[in-house]
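Colleague: The active site, proton donor annotation in Swiss-Prot covers 89 and rests on sequence analysis. Marked as 5-amino-6-(D-ribitylamino)uracil binding site by Swiss-Prot on the basis of sequence analysis: 26, 59, 60, 61, 81, 82, 83, 114. Among the features that Swiss-Prot reports, (2S)-2-hydroxy-3-oxobutyl phosphate binding site is placed at 86, 87, 128.
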C-alpha cells in the first residue's frame, strides 16, 4: 500500500480462491490502468483461476454488481473514478458508493477491495492509477487487500 505509514506489500495465500473485479467505464484511461494493476496483483499473488471481470457504466452501479459477484466469489474488487465537479453530485456519489460497498462487505461477509478513486482532479486520479509515472497503483493495492482479507477470513473459519 502506498502513502505515509503504509505497510509492506504482502502476497497472501490464495490457493483455491475465486476473485471478481468490477470496474467502471467512466475515465477509461484511468479505470483500464486500475484494472490492469488488479489483474497483475492477482497473478503475482498466484491466483490459479483468472479473475472474473465485469464492466459497469459508472460508480453508482458498483455496489449492486459487487453484491451479485460476492455471492459466487471469495473476494471482490471495485474499481472506479469520481472526479469532483462544481456541484454536490460528487459528494452524493462518493457517499452512496462507499456506503454501498461497505454494506456488501458486511452483509455478504466477503471482502470488497475499495479501488474507487475520489479525487479533486483528473491529474490526482492518474497519479494513483498505476499509469507510467504514477506514484501509486490503487488497483493493485485494493486487490491485494481484498485477497489478504479473504485469506484471514478463511483462516478464522478453519480455526472454528
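Our numbering is plain: 1 for the first residue shown, then up by one each step along the chain.
Keep in mind that glycine also has a Cβ here, set from the backbone N, Cα and C atoms.
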Colleague: Which of the recorded positions 86, 87, 89 has its Cα closest in space to the Cα of residue 60 (5-amino-6-(D-ribitylamino)uracil binding site)?
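Modeller: Its closest listed neighbour, by Cα, is 89.
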Colleague: Taking 10 A as the limit, how many CB atoms besides its own sit near the CB of residue 59 (5-amino-6-(D-ribitylamino)uracil binding site)?
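Modeller: Other Cβ atoms found within 10 Å: 25.
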Colleague: Helix, strand or coil: which one is residue 81 (5-amino-6-(D-ribitylamino)uracil binding site) in, per DSSP?
Modeller: strand
Colleague: Just to verify a number: CA distance, residue 26 (5-amino-6-(D-ribitylamino)uracil binding site) to residue 89 (active site, proton donor), in angstrom, no decimals.
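Modeller: About 15 Å separates the two Cα atoms.
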Colleague: Cβ-Cβ under 8 Å from residue 114 (5-amino-6-(D-ribitylamino)uracil binding site), same chain, 6 or more residues apart: which ones?
Modeller: 78, 98, 101, 142, 145
Colleague: Taking only the residues the record lists as binding (2S)-2-hydroxy-3-oxobutyl phosphate, namely 86, 87, 128, what is the largest Cα to Cα distance between any two of them, in Å to the nearest whole number?
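Modeller: Site span for (2S)-2-hydroxy-3-oxobutyl phosphate, by Cα atoms: 23 Å.
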Colleague: Hey, does DSSP put residue 86 ((2S)-2-hydroxy-3-oxobutyl phosphate binding site) in a helix, a strand, or just coil?
Modeller: coil
